[in-house]
Amino acid sequence: MTNIQTQLDNLRKTLRQYEYEYHVLDNPSVPDSEYDRLFHQLKALELEHPEFLTSDSPTQRVGAKPLSGFSQIRHEIPMLSLDNAFSDAEFNAFVKRIEDRLILLPKQLTFCCEPKLDGLAVSILYVNGVLTQAATRGDGTIGEDITANIRTIRNVPLQLLTDNPPARLEVRGEVFMPHAGFERLNKYALEHNEKTFANPRNAAAGSLRQLDPNITSKRPLVLNAYGIGIAEGVDLPTTHYARLQWLKSIGIPVNPEIRLCNGADEVLGFYQDIQNKRSSLGYDIDGTVLKINDIALQNELGFISKAPRWATAYKFPAQEELTLLNDVEFQVGRTGAITPVAKLEPVFVAGVTVSNATLHNGDEIERLNIAIGDTVVIRRAGDVIPQIIGVLHERRPDNAKPIIFPTNCPVCDSQIIRIEGEAVARCTGGLFCAAQRKEALKHFVSRKAMDIDGVGGKLIEQLVDRELIHTPADLFKLDLTTLTRLERMGTKSAENALNSLENAKSTTLARFIFALGIREVGEATALNLANHFKTLDALKDANLEELQQVPDVGEVVANRIFIFWREAHNVAVVEDLIAQGVHWETVEVKEASENLFKDKTVVLTGTLTQMGRNEAKALLQQLGAKVSGSVSSKTDFVIAGDAAGSKLAKAQELNITVLTEEEFLAQITR
C-alpha cells in the first residue's frame, strides 16, 4: 500500500469515527471545524488520486446523477407490519395471547420498548461492512431502490465501524425528519416561493423518493434502526435489546428512548412516560412498539399472516380527525396581530375535545382554499394549539361561505394593515385597542416575565374593561379598595394580588426586558441583551450597530428594539415602572473561559424560581455548555429546581454532580 493510500485510509477512518461520535453517540470529541478541515483534506487528495477513490468514502454521500425512476427490490426476508393495540385492555390481551402460546413460560416476560417513529421504514444492506443497497418497505415484499438517497443521510454510515464486519447485514429502521429540520425546510420553501410540506412525515417521504439525490442531501433526514433482517457471517446477540446495542457499537444509530421493561405493568409505565414527553422529543411519534426481548421466544411465537406474534404497536389516541368548520372569528394579539380562529364542530382529538383551531393568517386561508361549512382535517400534537392541516374540497356544501379577512380591527375599529414581507396583518390601534392592551398586560405579569402570581388574565380583563389600568405601571398603583370592588375579588384575594405586585418589584434585568413585550424579543434574546449591556440605560442608548453585536440579534430584531426606545410613550412607561419601585441587582456573568460549565453536558430538571427554563438553557449555552434533555453517564452536571423528579433520581444513581439553583447561580456570577 502506497503512502497516499495509507493517508487516505487513515483520513476515512478518522472521519467515520467523528461521524459516529456526532450522529450516533451525540458526543463529538472535536469541533465541527476539525471535521470540516479533514473532510476537505480527504476530498482534495481524492481529486488528485481518483484511482484510490472508494464508494464508502465520507466524501461520496452525494454525487449520483438524477434517476429517471426507481427500480424495484425484492426483500429476501419480508418487512412485516405490526398489529395494533389502542388501550391497556388490548395490550394486556396481547400479553395473555403470548403467555397462552409459550410452552415454557418464563418467570417474567421482558419487553424491549421503543417509541413508534412516524416516518418511513427502510432496509439497508451492508456487504462486508460497506453500504451496498437500500430500499423502502413498499408492500413488505417488494420495495423501491433508494440507495443513492440513503447514502446522503448524515447519520447513516457508508461503512460499518468494525474491523470484522458481517459478510451481509441488513439493517432495518425508520427514516424521519426532526421538527427543527422540518421547520427550517418549510421556512426556506416559503422564502423561495416553493411548495411547503404539511407535516414531517410527508417531508421525509417526499425527500426519500426524490429522483435527484442532490436534493435529498439538502433535506434534514435521520435514521433510527429498530431491527435486523439478513445476518450472515456473524453471531448475533440472543436478545433484541442487545442486538440494537450491537448495531450502535458498529456505527448504526438507534433511538435513545429504547428501554427494557419487565412485565406488563412496566411496559404500561413506559407507554405513559413516552406519551407525557411526546411533545418535547423533537420528532413525531404515534405510539410505542413493544417486543418480546428474548430472540428464542420470538422464534417460538412466530408470525400470523403479515405480523409477528411477539410484537405490537400500542398507538396513542388519534392526533388527526375530521370535523366541520362552523365559523371563523378574528382575534387581536399583544402586538396587534390579527389571527383567524376556526370555530369547529367539537371533535375528540388526542385525548381532548377540540372546538377551536388556529388558521394563522390570510395566506394560510388562501393556501388551504377553505370556506365556512367545509369538512376539515384537524391536528393536535402534544401541547401545540390545534390547527387545520387540510380540507376535503370534494365534500364542500353548496351553501359554503367564503372567509373574508377584515379591513378594520374587530375590537377597536382601527385600520388593519399588512407590512410588505410579513404574513401577519396587524391592527394599528396600539394601546388604544383594548385587546392589545389586555394581551400586553397579560404578557407583563406572566411567569416568564414579571411572574406576578395572583394577577391573572381574568383580573387583567376586568381592570382594562373598567378603564382602571392602561399601562403596566398602573398595576403597581392599584389599592385594596379598587380591587375589592371587582367581581370575585374578596379582601384575601386582593391582598394576595397586592403582595405579589410588591414582591414582583424586585426582578432581574432580563425578565424586565422580556416583560416589556418588544416585538421579536423572546426570553433568550432578553437574557442576551441583559448580559451584553448590563444596564437598562446602556440598552436604551444603543444604536443599531451596537445592538447587532448581541448574540442572536440580527437587523430585524435590532430595528425593533431601536424603534421601541425611540417612542416617547414606551420610555414614559418604563420610567413610570422605575418610579413605582421596580428594580433589579446588577449581575455580571462570568466569561465562558472561566466558568465551571464550559464544554460540559448539563441537564436541567424541576422548577427554577430565579429564571425560566429557556433562560437557564440560553445562559448555559452562552457559557459554553451543552444542555441535554436526558441524564446519562455522559452528563457532567444536573441542576435541580423544585419538584425535581426522575432525572434527579437517575443523576444520584449515577453519582453525577447535582447543583441547586442557588449553587448554579453562585457558580456563574461574580
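From the backbone N, Cα and C atoms, a Cβ is placed for every residue, glycine too.
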Handout entry: Swiss-Prot annotation, Zn(2+) site containing C409, C412, C427 - matching residue among C261, C433
Key = C433
Practice task
List the helix, strand and coil residue totals of the domain 'BRCT' (592-670) as derived from DSSP.
Solution key: 29 helix, 19 strand, 31 coil
Problem - Fewest other C-beta atoms within 10 angstroms, as judged across E34, D36, which are the binding-site residues - result: D36
Fill in the blank from the handout: By Cα geometry, the one of the recorded positions (E34, D36, K116, R137, K291) nearest C427 (Zn(2+) binding site) is K116
Handout entry: 8 Å Cβ shell about C409, C412, C427, C433 centroid, Zn(2+) site members excluded
Key = V332, G336, P410, V411, D413, S414, I416, T428, G429, F432, A434, A435, Q436
Fill in the blank from the handout: Among the recorded positions listed as K116, C409, C412, C433, the Cα nearest the Cα of E34 (NAD(+) binding site) belongs to K116
Problem - Sequence-distant neighbours of K291 (NAD(+) binding site) in its chain (C-beta under 8 A, six or more apart) - result: F111, C112, C113, H240, Q298, W310, A311
Problem - K116 (active site, N6-AMP-lysine intermediate) in three-state DSSP notation - result: strand
Handout entry: Integer Å distance between the CA atoms belonging to C409 (Zn(2+) binding site) and R137 (NAD(+) binding site)
Key = 52
Practice task
Might you list, by sequence position, any residue in that chain lying six or more from C412 (Zn(2+) binding site) with a Cβ less than 8 Å away from its Cβ?
Solution key: C427, G429, F432, C433, A434, A435
